[in-house]
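Q: First the structure, then my questions, so here it is.
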């Protein structure tokens, strides 16, 4: 904190700056803004004696444009637009000062504590309310600041009143003692604004001549010109020296509060030719509120005493804080014309115009191979640029699709089109100049980059990788240097996209727990004409890769399932390789996903090139299998040819998979995260869930395999709302939300994977159910463990982050290892905090296992017992023994000290290199002491001492009187002082060299200590990851137990029976409820229902595998079908279900054809979507599948729809014989299958009151009860009445329906009679049926 005296000094300096030097400093958070300007105190006594100009009387005239009580937007220099009320000055009784363009209006700023001031009429705009389009994003008055939003609320309230009432809001009546000084400043500002042309000419003097002072301000300090911010001088790269305490030019130019990074402006750089390099003050706009300014001035009502003029030295220091001459350049991003010029400079460049752009290979935009990620920048243009801007264009030309965050000192600068993006998307403001320029501090990078990435932008972080001293040394070592060499090196250290976020130390922490996959896909047809996919996808925050290759059907069913289970946020594909069907999936199902095409060969590598790069780059050197001698991970090795021991030849059915991996590796390499992710060697082979689902496989053998999973494709997950709802895409109302009470992020991710692929093996399912029962049997432990789990951080991501920091590969040649960060200490502290957080997390895991081991012996579940049993105690235990390792890390270094200082000093015995260096230092120092004692005895003088520092240490200082004797010849005179001489010997030089070497080794070990510490921790990664996996499973099991205990209404343990070949599959649910719906729309309790398929119910119904469901519109048919689907998923997940009885044989796949929607982005109509989904069912369904079909055929003509529905029912019921719920409103279909043994009829019951020919008189009460038999009508006119269809239309429709019914019935009677005449049927039943049909006419 600043002392009161320092603050007082700075306040007085501010007054002088404001009244005399026209300096514009931010007033918000004064202490933070001025914390780096304390050096002003050295000359403040000289500054505060500057005479203050006398007040100039104002010419008062009434404009007539505005009147008291008007509401306006007002803008003062350095402040955002602010809602104001115009009212008469409390002492002058007028609203206007001056006349013409120099007139100023008196306003009160709306705020919690209102303030007032005079504002130039040029900077007033009528206030039209907070709903005005100029207030919205992109408008002139748009702001994200809560203060301005609050001010708009007050202004909106004032708008509803008349002017008389509004004037009662004017509460600022006391005149300010410093008001006249403020007015003088505003006069100068207005004069400057009106004379921009003169100032701009002076500013753009390319020869750097002295600035000509204004005649009216002779006392104003003469200054060298400060050039526009589009210039980059060699000195601009000298401003950042983290190890130098004295403020640099960059720091001196930045009087901003970095915590308010949204509106921070970046500093300007002078060009190389400027004779005096004066960095201009970093202007802060849209930050301070007028109220703060006024309150600051009121605190200092007395003006400084008049005294001698300020000295030249003081003036030169004050120029460091000079504001740009024209604040009009800070204008809205969307209108270049409001910035004092027609367009931004980059908008005028011909080679940047649409239609004229070329890529780096000079291919135009209409060329088929045009690369939009690169840009051709003419060489003659680059030669005209300053060194810094030339480097920016070089980087931009290779990353044209990225927003370049260009490090200058401690700020990230955005230039040209990137600056416009920053203003539009981040709310930054432009700097002065004719070209777009904005920026933010280093500390704000994580927050701002996350916003841009979330909006789909690609970010390129460019760091300064050379200090000014290093640059000078490089230039000296180079024979011929140009001005382009005399600039510090800057390199791209990271490219961040939505699919490549790793949440490093400089990035912000993740806000979401779910996986974000980067998917790479390659496609081709095999020799049989079948579609084949090669895929590779990775969650970069965890570092786990999935690689696989599979064949697919014409509907791309497996690929659709993949993207549903592992939803990518970014997709890479080979340009010109994808089929139309795959492109439709990318444009339809993955429309919100970022998609990027890679060029075949150079970017999307072949399988052979991929293997070659993986071996050459030595990504897996640390993980090399010493026994087999294999460098490649086992999963990658399995994809190579068995005949090639080197692993350079792809396997027969693995070329596409390895090529897709190559696309991923290329992209990770481009984003500069290939080393940290691939060196984890965390690969898993992707095998489609339905890979072995074949109709010829014995059902008992199939379900006996523990690795079998239920297949839930993307359509089913969407229709049943398992992961996200169909309304807004969130988890609200989904099965995931209902059962997810996981406490850890990695547990939540695992639960989602379990939901996407429930178990099929009854033994495994029952073991999970046993685990749920075991946990429910120890409620006290359940509560205790829950509290422990809540303390765990996201250890899965932390382990990946620790590996990245400790990676030797990254430390050797990654640009980030050379980057110079201003906030290095802050980042070091964050690294240590993350590491200590991981250690604490594993300690908590140990406590969890200790607590569970006390009751583990009573557990029936094998999986639960294995999770909480240590390997060392039982051979079946899975949890690693971490106690010894954790104790080792507890004593490795002082945790509290490291957390405070950001520096790790290892304790003895932990770091061999550091310990050896310390031991050598100690040994040499002891040798020095021994040698000194020896020399004392030799000379007979006890007063001989060592003297010196650094490399001149250990000079023996001998009294001059003693040197007159014969000294040994080996003594070499090094220095003298009065009465003494100092000597070295060869022995001393040798020992000193040893000491310096040991000290250098110690310092190097200490400097690299954190990385090596993380690296050593990562060596035990297998145990750490195993522990995380065990606790993740425990967390999910506890989540299932919580639902099983706290679910609404009665819940039961499902009974899963292994199917018998002689018996049909069945599903039996008694009094079952929808798991996500506890109340009806009207607030009543949910009505439970029985669903029996494939077995007889209590009423003795048939064992039909297909149930035809009818009932009134809105009667609950779709809900019943969704309920059945969700309950079987829960049962095979290993969770209790909301029912009194749940018995079933395992279901291998759930199919759904629910709802009605088109795929407009894929060019598919509603009916086509229906038939596509139905086709997939008919192709892939087995007798062990569950099929849910809702109103098939409604998307086409009635007869066509009826025919298709009838054929599908017959196929499902008589051929496939799978468990089916088929809802329909085609009552002819019901009649056709009423006598079929393979089909059972059921309907949602309803009660009809006042049934009559007039539908308006009927009252339908939905009972939501599923009962045996068919429903006679669909009562569609009741739904029409509930939807407020006009009564007249309903009546007409009812009459028309009667006509259709009669015609249809007549036709059916005619056909029946024809059959009787032909002798096809003529029994008593036929006669009875004919009689019934006639009664309906």
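The backbone N, Cα and C atoms fix where each Cβ goes, and this holds for glycine too.
According to Swiss-Prot, the protein carries these features:
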- 1111, 1112, 1113, 1114, 1115, 1116, 1117, 1118: ATP binding site (BINDING)
- 176-187: compositional bias 'Acidic residues' (COMPBIAS)
- 226-248: compositional bias 'Basic and acidic residues' (COMPBIAS)
- 257-272: compositional bias 'Acidic residues' (COMPBIAS)
- 279-292: compositional bias 'Basic residues' (COMPBIAS)
- 294-305: compositional bias 'Basic and acidic residues' (COMPBIAS)
- 68-130: domain 'PWWP' (DOMAIN)
- 170-310: region 'Disordered' (REGION)
Q: Using DSSP, what's the helix, strand and coil tally for the domain 'PWWP' (68-130)?
A: 6 helix, 27 strand, 30 coil
Q: Which of the three DSSP-derived classes (helix, strand, coil) applies to residue 1117 (ATP binding site)?
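A: Assignment for residue 1117 (ATP binding site) reads helix.
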Q: Find, among the binding-site residues listed as 1111, 1112, 1116, the one whose Cβ has the highest number of other Cβ atoms within 10 Å in the structure shown.
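A: Its Cβ has the most other Cβ atoms within 10 Å: 1111.
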Q: Restricting to the same chain and to sequence separations of six or more, state which residues have a Cβ under 8 Å from that of residue 1117 (ATP binding site).
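A: Residue 1117 (ATP binding site) has long-range Cβ partners 1109, 1110, 1111, 1190, 1223, 1244.
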Q: In sequence order, which residues at least six apart in the same chain have a CB under 8 Å from the CB of residue 1113 (ATP binding site)?
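A: Within the chain, residue 1113 (ATP binding site) has Cβ neighbours under 8 Å at 1225, 1274, 1275, 1276, 1278, 1279.
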Q: Give me the count of other Cβ atoms within 10 A of the Cβ belonging to residue 1114 (ATP binding site).
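A: The answer is 20.
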Q: Taking the centroid of the Cβ atoms of 1111, 1112, 1113, 1114, 1115, 1116, 1117, 1118 (ATP site), which other same-chain residues have Cβ within 8 Å of it?
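A: Not counting the recorded site residues, we get 1244, 1262.
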Q: So how many other Cβ atoms are close to residue 1118 (ATP binding site), meaning within 10 Å of its Cβ?
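A: Within a 10 Å radius of the Cβ of residue 1118 (ATP binding site) lie 18 other Cβ atoms.
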Q: Around residue 1115 (ATP binding site), which residues of its chain at least 6 apart sit with Cβ under 8 Å of its Cβ?
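A: Listed in sequence order, they are 1244, 1245, 1246, 1262, 1264, 1271.
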